[in-house]
Amino acid sequence: MKFTFSKYQIFVVALLAFIQFTVVLDFMILSPLGVQVMDQLKISTTKFGLVVSAYAFSAGISGILAAGFADRFDRKKMLLFFYTGFVLGTVLCGIAPNYEFLLFARIVTGLFGGVIASISFAIIADLFPMEARGRVMGLVMTAFAASQVFGLPIGVFFSNLWGWQSPFWMIAIISGLVGVAALFKLEPIVSHLGHGTENKAIKHLIVTAGNSNYLPGFLATMLLATGGYMLMPFGSAFSVHNLGITLEDLPLVYFVTGIVSMAAGPLIGRAADKFGKYPVFMISSLIACGILFYYTAMGITPLWLVILINSALFVVITGRVISAQALNSAMPELRDRGAYMAISSSLQQLSGGIASYAAGLIVVQTPSGYIQGYPNLGYVVVVAILITVAIMYKVNEYVSSKHPVPVKGEKEAALVSET
């Protein structure tokens, strides 16, 4: 039986997508603002790098702290609490007068914003059956592409008019409106309560983190973050100084890539539901390896070819993320779901911070701006991808044992009973 979304479920998907849009945009916006921030605050590239990584590390720490009590409360209340803190941190970024205050503001934003994705994924797993999660993840994950297509250009435009703080005010205003919609329209999400969750937060955290069945999921989550966090910090510099793309053409590369990713997301989600999450993940990963071998070794390249390869790379990366998140959401038991997602999010942020630092050790920027060692970065990412494919096979085996494919007469009952 084909799963049909109710009007309320459509609202939930749209709400979570808007929430992800604001959180992702807040995380990404600092990179294109780097020139203005460093110039106006008179800080070095090292200090600016610390501002960027402060978000990831504080998000990782908050994920661990939140994991213990993530399954003890209504997920709506958890979402509103952390989203409110995220908005507050974003406002602080908008009023930051100096480096120290901005660093503090990014830490606050990360402490709250870093947990929101895990709460969102737990809500998806609570409200949607396994058969529909690929589509839901595909729609929600389009927020990443949307932030790239719409958020970054608009944010940079505002910063040119009213200063680097103005994009944070834009994000805070949008987030406030989204938060009001969640407050009044989102229903309480309490299906996970009363399913044997440990009373003590620390004990629940330890039990969830120590569950050997969850280890492959945690390892896969850590490695999934490696590629993006290694390639993203140097992507713009590589495009300009190695590939020969002008600064004026760079927004076009990101715009087209984002549009293609937005269009591909829902289609990949449907494919994951129809053909299986792991096959989509494996195929996307293998294609990504081939593209990375070629892309990271490229020299001066025509604009159209850069756009084509960049778009293809982001499509398969999107395919990996959507299928992996859909599979990973089925790993934990209902009583552990919030804690599992919070730990996963924390590991992703922490491993991402480490990956960014490691990437800086692998590549070297010459005085002319040329990025040396980028092919070596590609090799490391490819190895991480192949290891993740093997680990995700174990994840798929475990999920398949928990969610066997129903026979024809059982499909309708499975859709009704799945949580």
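Numbers here mean position along the shown chain, with the first residue as 1.
Even glycines carry a Cβ here, placed using N, Cα and C.
Now, the feature entries from TrEMBL:
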- 12-402: domain 'Major facilitator superfamily (MFS) profile' (DOMAIN)
- 12-30: transmembrane segment (TRANSMEM)
- 50-70: transmembrane segment (TRANSMEM)
- 79-97: transmembrane segment (TRANSMEM)
- 103-124: transmembrane segment (TRANSMEM)
- 136-162: transmembrane segment (TRANSMEM)
- 168-186: transmembrane segment (TRANSMEM)
- 213-232: transmembrane segment (TRANSMEM)
- 252-271: transmembrane segment (TRANSMEM)
- 278-297: transmembrane segment (TRANSMEM)
- 303-327: transmembrane segment (TRANSMEM)
- 339-364: transmembrane segment (TRANSMEM)
- 376-393: transmembrane segment (TRANSMEM)
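Listed as Cβ neighbours of the transmembrane segment (103-124) (distance under 8 Å, sequence separation of 6 or more from its ends, same chain) are residues 12, 16, 19-20, 23, 26-27, 30, 50-52, 54-63, 66, 70, 75, 78-79, 82-86, 88-90, 92-93, 96, 133, 136-137, 140, 189, 192, 325, 328-329, 337-338, 341-342, 344-346, 349.
Beyond the transmembrane segment (213-232), the same-chain residues lying 6 or more positions past its ends with a Cβ under 8 Å from any Cβ of the stretch are 31, 56, 288, 292, 317, 320-321, 324, 328, 331-332, 336, 340, 343-344, 347-349, 351-353, 355-356, 358-359, 362, 377, 380-381, 384-385, 387-388, 391-392, 394-395, 398.
Panel annotation: around the transmembrane segment (303-327), residues 121, 130, 133-134, 137-138, 141, 144-145, 220, 224, 227-228, 239, 243, 245, 249, 252-253, 256-258, 260-261, 264-265, 268-269, 272, 277-278, 280-281, 283-285, 287-288, 291-292, 294-295, 385, 392, 395-396, 399 of the same chain, lying at least six beyond its termini, place a Cβ under 8 Å from a Cβ of the stretch. Predicted-model confidence for the domain 'Major facilitator superfamily (MFS) profile' (12-402) is 83, expressed as mean pLDDT. Pairs of Cβ atoms less than 8 Å apart link the transmembrane segment (168-186) most often to 12-30, out of 12-30, 50-70, 252-271, 339-364, 376-393.
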